[in-house]
């Protein structure tokens, strides 16, 4: 797995799975650009890591000029772009009959349209360079339906099909596109959602959530980051259009 000096851009890289991916790629001596809407958290990450291979760009991925700027910043800072990891995402809990249109649009804009915009401008550079690799964070919710998050499920179903479409369209240009479908991962975002939408202590809720899969535990962000490392490396060179499910066996039931 030789990722030394490869340039990797990660959206939503300031926390959770994204931050685990940042650390994983830095450990492989890659150059990492983080595009995240949380400027304070991004700057705190830069201070904590204190690594010349790490660069932060404040980015709202629902804004096309901001996406263009993020891609340009990666190329300007490190001289190229080898891997785009579309990881940023949000979740709003509400059944269809109670969901506001504004919240529906917000979830779709971040989870799906933002991925389209980042990919669009990354592909323009990758086509010129004659190679590239895009990794999308999908979800088990893109394969089966989690209860009470229809907008999230719909957006992730779209991510799965967008991944396949790009893989088919750009394989002839030496650009691979794959996605990872995590199950329930122990992240700050999920912890917040657990407390807002369930009764009990955080520890009690986590124990209950862990019962849904055969491994009887929540996933770790690092475990998803390891899948991303594999997809970014030549170890997965014959893979494109694939969806790797990392869910503790949930969808095998």
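Including glycine, each Cβ sits where the backbone N, Cα and C put it.
What Swiss-Prot says about this protein:
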type     : residues : note
BINDING  : 9-31     : NAD(+) binding site
BINDING  : 139      : substrate binding site
ACT_SITE : 152      : active site, proton acceptor
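Structure with Swiss-Prot features highlighted.
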{"residue": "9", "record": "NAD(+) binding site", "Cβ neighbours (10 Å)": "29"}
{"residue": "12", "record": "NAD(+) binding site", "Cβ neighbours (10 Å)": "27"}
{"residue": "15", "record": "NAD(+) binding site", "Cβ neighbours (10 Å)": "19"}
{"residue": "18", "record": "NAD(+) binding site", "Cβ neighbours (10 Å)": "26"}
{"residue": "21", "record": "NAD(+) binding site", "Cβ neighbours (10 Å)": "29"}
{"residue": "24", "record": "NAD(+) binding site", "Cβ neighbours (10 Å)": "22"}
{"residue": "27", "record": "NAD(+) binding site", "Cβ neighbours (10 Å)": "11"}
{"residue": "30", "record": "NAD(+) binding site", "Cβ neighbours (10 Å)": "23"}
{"residue": "139", "record": "substrate binding site", "Cβ neighbours (10 Å)": "28"}
{"residue": "152", "record": "active site, proton acceptor", "Cβ neighbours (10 Å)": "23"}
From the Cα of residue 152 (active site, proton acceptor) across to the Cα of residue 24 (NAD(+) binding site), what is the distance in angstrom?
27
Residue 139 (substrate binding site) and residue 15 (NAD(+) binding site), distance between Cα atoms, whole Å:
17
For residue 15 (NAD(+) binding site), the three-state class that DSSP assigns
coil
A 10 Å Cα radius around residue 139 (substrate binding site) captures, of the recorded positions 12, 18, 152, exactly 152
Can you give me the Cα-Cα distance between residue 30 (NAD(+) binding site) and residue 152 (active site, proton acceptor) in Å, rounded to a whole number?
31
Please report how many Å separate the Cα atom of residue 152 (active site, proton acceptor) from that of residue 12 (NAD(+) binding site), as a whole number.
16
